[in-house]
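Engineer: Could you have a look at this structure, given as structure tokens, before my questions?
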Amino acid sequence: MTEENPQFNTWFESQNATDELLRDVAANERDHQDELSLRPKYLREYIGQGALKEELAVYLQAAKMREEALDHVLLFGPPGLGKTTLAMIIANELDVHLKTASGPAIEKGGDLVALLNGLEPGDVLFIDEIHRLPMNIEEMLYSAMEDYFIDIMVGQGPTARAVHFPLPPFTLVGATTRPGMLSKPLRDRFGIINSLEYYQPEDLQQIVKRTADIFEAPITEDGAYAVASRSRGTPRIANRLLKRVRDFAQVAGADSIDTDLVEMALDKLRVDQKGLDDTDHKLLNAMIDFYHGGPVGLNTIAANIGEESDTLESMVEPYLLQLGFLRRTPRGRVVTEAGYRHLGRPVPEDLA
């Protein structure tokens, strides 16, 4: 907000939002300090997503030339592909402040106002999992995004009235793994909409090498590629696997991380050549053993292997679909011929 308002302050304090939300943000920042140190800060340092980078560079440059806030940005794609990193890069490139929050943490109007309060012209507000915003919060965002104001109800009962609060021009960056769950009115208010795709091994290899340099952990070209090829096309997983491989290298007293060491470490971690882990194998094997390879519903599979269906749908299934090991049908999920062959299971005659 641009100036103090007694009515606003009274209402805001009554919402009990500030301390709780700030604690949530602070805890979130502490949890991700190590990850933050690995993130590129500027677009020129960002590896992969070539087409998106080219587009974003144009939009950022145009906004700076016009001295305007960047249009609102929606980023969607599977977890770990760099949506949060891009939000930070946008703020850095524009040389403005960044405020961050998660959709599920914004439960009340006061939570949203806590984020909007104090924004300066051009600042970036990043909301992760934006598809999980409650509808009343989403509706408050409409006017904030489109016309840079919010209306707040002050008082109760017959004396309640709407108070109009202006906001400075700002950029909302929303991130989601489930774009289909966004309402059309919210989606239509984003001027820039981009999807992030799984990374090619060559791009992940460069990310692994960069992270290894930050960790001061020497790694060979082949070693970096071996980590990349088992990282499910995802930078976050590549960095996580490299950390574990580094542990094995340090305990073994290795001078550098090579292919043999990577394969030994990741075999012990039960990450196979395609990046499939225990959960992937449990899912595919359960479908074959109990449901003849499908079709079978996701909720049924989840109950069988003791996982949440939302977890399978957002974090496990997309990569299996990408590899062609799993297929969706109107009647449910089906293991493909490629899936059987990868597991070393006999391929049914109707698939062979």
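Placement of Cβ uses the backbone N, Cα and C atoms for every residue, glycine included.
Taken from TrEMBL, the feature ATP binding site covers LEU38, ARG39, GLY80, LYS83, THR84, THR85, GLU146, ASP147, TYR148, ARG189, TYR199, ARG236. What TrEMBL lists as domain 'AAA+ ATPase' is 69-196. The feature Mg(2+) binding site is assigned by TrEMBL to THR84. Summarising the annotation, TrEMBL assigns region 'Small ATPAse domain (RuvB-S)' to 200-270. If you look up TrEMBL, you'll see 273-352 marked as region 'Head domain (RuvB-H)'. What TrEMBL lists as DNA binding site is ARG328, ARG333.
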Engineer: Can you break down the region 'Head domain (RuvB-H)' (273-352) into helix, strand and coil residue counts using DSSP?
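Structural biologist: Secondary-structure breakdown of the region 'Head domain (RuvB-H)' (273-352): 44 helix, 9 strand, 27 coil.
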Engineer: Provide, as an integer number of angstrom, the distance between the C-alpha atoms of TYR148 (ATP binding site) and ARG328 (DNA binding site).
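Structural biologist: Answer for this pair: 42 Å between alpha carbons.
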Engineer: With DSSP, how much of the region 'Small ATPAse domain (RuvB-S)' (200-270) is helix, how much strand and how much coil, in residues?
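Structural biologist: Residue counts for the region 'Small ATPAse domain (RuvB-S)' (200-270) by secondary structure: 52 helix, 2 strand, 17 coil.
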Engineer: Cα-Cα separation of GLY80 (ATP binding site) and ARG328 (DNA binding site), in Å?
Structural biologist: 23
Engineer: Counting Cβ neighbours within 10 Å across all chains shown, tell me which of the binding-site residues ARG328, ARG333 comes out on top.
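Structural biologist: Of the binding-site residues ARG328, ARG333, the most buried by Cβ count within 10 Å is ARG333.
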Engineer: Count the Cβ atoms, other than its own, that fall within 10 Å of the Cβ of TYR199 (ATP binding site), considering every protein chain shown.
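Structural biologist: Cβ-Cβ neighbours of TYR199 (ATP binding site) within 10 Å number 25.
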Engineer: Same chain only, sequence gap of 6 or more: which residues have a CB within under 8 Å of the CB of LEU38 (ATP binding site)?
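Structural biologist: When sequence neighbours closer than 6 are ignored, LEU38 (ATP binding site) has THR211, ILE214, ASN239 within Cβ distance under 8 Å.
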Engineer: Which residue counts does DSSP yield for the domain 'AAA+ ATPase' (69-196) in the helix, strand and coil classes, in that order?
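Structural biologist: Helix/strand/coil tally for the domain 'AAA+ ATPase' (69-196): 49 helix, 36 strand, 43 coil.
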